[in-house]
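Asker: Pasting the feature list from TrEMBL:
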{"type": "DOMAIN", "residues": "73-281", "note": "domain 'Alpha/beta hydrolase fold-3'"}
{"type": "ACT_SITE", "residues": "Ser164", "note": "active site"}
Amino acid sequence: MDSTATDVAHDFHPWFRVYKDGHVERFLGSPCVPPSDDQQTLAVRSKDIAISTASARLFLPKTTAPNEKLPLLIYIHGGAFSIESAFSSTYHNYLSSLVEESNIIAVSIEYRLAPEHSIPACYDDCYAVMKWVAQHKDSADRPGLDPWLNEHADFGKVYLAGDSAGANLAHNMVVRAGGDGDGLKKISGLVLIHPYFGNEEPAKLWDFICSDSGGVNDPRLNPAAHPGLLSKLGCVKVLICTAGKDFLRDRGWSYYAALKESGWGGAVETVETEGEEHVFHLFKPTSDKAKAMMKLIASFINPTNAASL
């Protein structure tokens with residue numbers, strides 16, 4: 001569709017533009033790829049599940065025992081709440097590699113994107129998937145639920161992770177889990193990769209895509225401003241990954257400091273990759289630093305597997 005600068009109503013390049021006629025143009029993101037469940041040739045199998053207004057891609061490594069229990073990772077992709085997909089080649093390949101490296105089962109959440117679906121839609125979608133996953137924890141073969149989770153997920157070892165905006169979503173899901181009596185209340189750990197959080201500066205993108213914004217100190221955007229909520233974080237350990245040249249680097253370190261000072265009783269660690277930019281590991285997955293970061297995350301989620309390698 002031909003458009004000119006005068007047709008633009010809202011410009012949030014490099015993520016998206018909204019035109020006066022309502023259509024949205026996105027500038028970043030990789031093409032989507034289908035799942036694959038070829039058990040004979042693949043080290044990691046995958047399939048898609050529809051869940052309310054959301055959906056998810058499940059990943060399962062080849063296992064030697066039919067009922068082998070594996071740590072469960074719930075992963076939330078990044079992209080400024082407005083681009084990318086759990087089904088994109090970028091995230092499909094990353095989750096496949098992480099699952100193989102860690103020997104875990106993973107659920108990668110596909111949520112509705114802004115600006116067509118304003119916040120809190122993405123939070124609600126992620127929580128819907130969390131609740132769906134939680135339904136499996138007390139039943140080995142409940143009808144209508146997924147056999148991979150029923151047979152292979154160890155619900156005593158549940159982790160959440162995400163990058164950039166996905167890290168923000170993952171943090172907020174663990175906050176909800178801490179106060180949820182019937183969901184995934186017991187979360188073992190949280191991995192925040194180059195997290196997107198706010199600070200005291202105006203957040204124009206957030207204000208545009210968030211229909212119920214509480215401003216710069218909205219607890220979803222700026223958790224460091226709410227130590228009372230941080231102190232109730234519903235997990236026992238947190239790993240924060242930062243990058244030396246990341247424009248969001250300081251936000252990750254601020255979160256680390258606020259969590260340490262909040263009175264939360266868990267263990268938190270920040271590991272910085274020097275000389276790299278935001279989500280470098282997705283753009284340079286075969287680099288030595290990306291491989292090192294994957295091994296770090298894998299050992300955090302499944303230390304038993306890491307020790308056996």
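The backbone N, Cα and C atoms fix where each Cβ goes, and this holds for glycine too.
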Asker: Taking the Cβ of the residue listed as 'active site' as the centre, how many other Cβ atoms fall within a 10 Å radius?
Answerer: 24
Asker: Per-residue pLDDT averaged over the domain 'Alpha/beta hydrolase fold-3' (73-281) comes to what?
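Answerer: A mean pLDDT of 93 is what the predicted model shows over the domain 'Alpha/beta hydrolase fold-3' (73-281).
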